[in-house]
Amino acid sequence: SSRTARSEEDRDSLWDAWGSWSECSRTCGGGASYSLRRCLSSKTCEGRNIRYRTCSNVDCPPEAGDFRAQQCSAHNDVKYQGQFYEWLPVSNDPDNPCSLKCQARGVALVVELAPKVLDGTRCYTESLDMCISGLCQIVGCDRQLGSTVKEDNCGVCNGDGSTCRLVRGQYKSQLSANKLEDTVVAIPYGSRQVRLVLKGPDHLYLETKTLQGVKSENSLSSTGSFLVDNSSIDFQKFPDKEILRISGPLTADFTIKIRYAGAADSSVQFIFYQPIIHRWRETDFFPCSASCGGGYQLTSAECFDLRSNRVVADQYCHYYPENVKPKPKLQECNLDPCPA
């Protein structure tokens, strides 16, 4: 091992020191910065002369738009084969995710407008992996290059899955003459990996309510991707089946409803991860039962709403079977003897 260490030291001694880090390739959304070093030997140096790290790992404001889309639209004022086009990004290319492929709006024309996207462009829309010098590099949820750390089902980086619970169930429609619709399931704010499958002639639709109390209703009439209260919804409609997917986290409280459309019954299967927003919290010790001569004092537990940072009724914490109410602690206090 000492021989190995020495050979690495000899190898590195042929290099100059690493230079300072470059400016970040992006101001937000995760970019890349590089550092260079020179080979001081007349022979070939082993190792690399450039290294990278991530930078600007803060989310961009919504109005900033997609980074790949910005690079495509930069070609709008350049003629392609004698004509101007409005270019839209082609994402998630399995063969070459780090080339800039764009499609002309309204035309079936897809062109590679640059062999490499700018450093820091995401390789795929649903991943943090980024393109650096034309190659896709792994980025963990901790936003570090080469990291394999992943989010758990609750969306917590390197989490253990304890901050949410899996909810699954089935709904069967029960037709009645005076009823045109019914509630399938209420899915709260912050839920993830939502999937519903309706089988039968009826139709799904959505009601939402934001934390500010703004309500809206959304009919799902055709296959496609939709944005509802900043949550991206993927909907597929078939003659006898409907599938609804939302990766989340939900940005409002969603109520999934069903509209009756036929004489036959329908069934809906649903599954999602719901955040545990009510947790037991141990209180401080209550005042001592005696002011002198020895008394005792206890702790208790209160139910705390993580979303509003308020103490709420105990029933909210009892709703989650994962929540175990902490047992009270007992200790002696004011042990000094009382004055005569």
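Along the chain as shown, the residues are counted starting at 1.
Positions of Cβ are set from backbone N, Cα and C atoms, glycine also.
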Choose one of Cys55, Cys60, Cys72: the cysteine that TrEMBL connects to Cys28 by a disulfide bond.
Cys60
Tell me which of Cys24, Cys72, Cys98, Cys102 TrEMBL records as disulfide-bonded to Cys55.
Cys24
Below 8 Å Cβ to Cβ and six or more residues apart, same chain only. Which residues does that give for Cys39 (disulfide bond)?
Leu14, Trp15, Asp16, Cys45, Asn49
Counting across all protein chains present, how many other Cβ atoms fall within 10 Å of the Cβ of Cys60 (disulfide bond)?
15
As a whole number of Å, the Cα atom of Cys28 (disulfide bond) is distant from the Cα atom of Cys55 (disulfide bond) by 8
May I have the DSSP-based helix, strand and coil counts for the residues of the domain 'ADAMTS/ADAMTS-like cysteine-rich' (82-164)?
0 helix, 26 strand, 57 coil
